[in-house]
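Listed features, source TrEMBL:
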type     : residues : note
DOMAIN   : 137-330  : domain 'DUF4921'
ACT_SITE : His166   : active site, tele-UMP-histidine intermediate
Amino acid sequence: MDGKILNEFRQDLVSGEWVLFATGRAKRPQSDKKKEEDWKYKSAENCPFEDFKKSDNEPVWFCPNETDWQIAVIKNKFPAVKPGICKPAMTFGPFNVQEAVGFHDLFVYRDHDKHFADFSKDEIVDVIRSYKKRYLEISKSGGCVRYILIFHNFGREAGASIYHPHSQIISMPILPPDVSRSVNGSHNFYKDHNERVYDVLMKWEKEHGNRIIYENDLFIAFCPFVSKTPYEVRIFSRDSHAHFEKMPDEFDKYLADVLLVVLNKIRKALGDPPYNLFVHTAPAETDLESVHEFYSWHIEILPKVKVAAGFEMGTGMDINVVDPDEAAEELRNTDV
Ligand SMILES: [Zn+2]
């Protein structure tokens, strides 16, 4: 298999779930010990995000401008999907294979050592606006964009291969399994109950109140009754819109407020754990015109306090060792 680079989605013949193969990315998996030594960009000296020209990184745009940028959108040098012309899925023997065509950009934040929890509210507002702006640009780029994921990994154990704070945006020509399950599940719930599942969830959380961590006029953050992992937090907008990218600009400061409060509570209560944060929004291209009737965009934050093991991998079911009621109580009572 010398020199063969795979860059494609392959669909599992049994489950129907897609897996992305991107073997041309920076490095092959290594043992943890090697990884520790290898996290060499921890010092700003060798950091590729201090000088884009020197590190041969290609900027897309800067916020607010190139000289005084606080956020730079750059092309990922080792993208998991690549720009190209979209072709229909092909068959390979009994399998469906889809070329991994798309955008994979990074949002790089100016300060090498300043993490989200340390940002000001205005700085988080700029992050949210940059997310929306780049999302809309990519979604308007033409065919082949079925889903766009925005995510942020904090800490080595959460998968951040480069220390310098950055988020990622990636578009894909297929609907990823988690999104597909949520969109179909919320659609089916709507058809069966004539109610939006997220409204039912929020109403129930509001009534009980014991899993709510924080809320403001427009957003609510809670540990879901069915949390997959300890201290899992979900943030929902009260207007229950399907599309994050279409959120009105006046909402941004409220979202920034709830994000900052939650991230600071997590940092303080759990001792600055690594975490994954992502935005789940409706599919970019959908023939479900009515998606707004049953789907609500939201943000999930998953602190990395445990590692998936044999049981989880073998069953596709998580074991959560912390009662979400207690997780929420702890976070709610943490002053920040
Ligand atoms: Zn840096």
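Glycine is no exception: its Cβ is also placed from the backbone N, Cα and C atoms.
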Model confidence over the domain 'DUF4921' (137-330), averaged pLDDT: 92
Same chain, 6+ residues apart, C-beta under 8 Å of the C-beta of His166 (active site, tele-UMP-histidine intermediate), given in sequence order: Phe49, Leu106, Phe107, Val108, Tyr109, His152, Ala160
DSSP-derived class (H/G/I helix, E/B strand, else coil) of His166 (active site, tele-UMP-histidine intermediate): strand
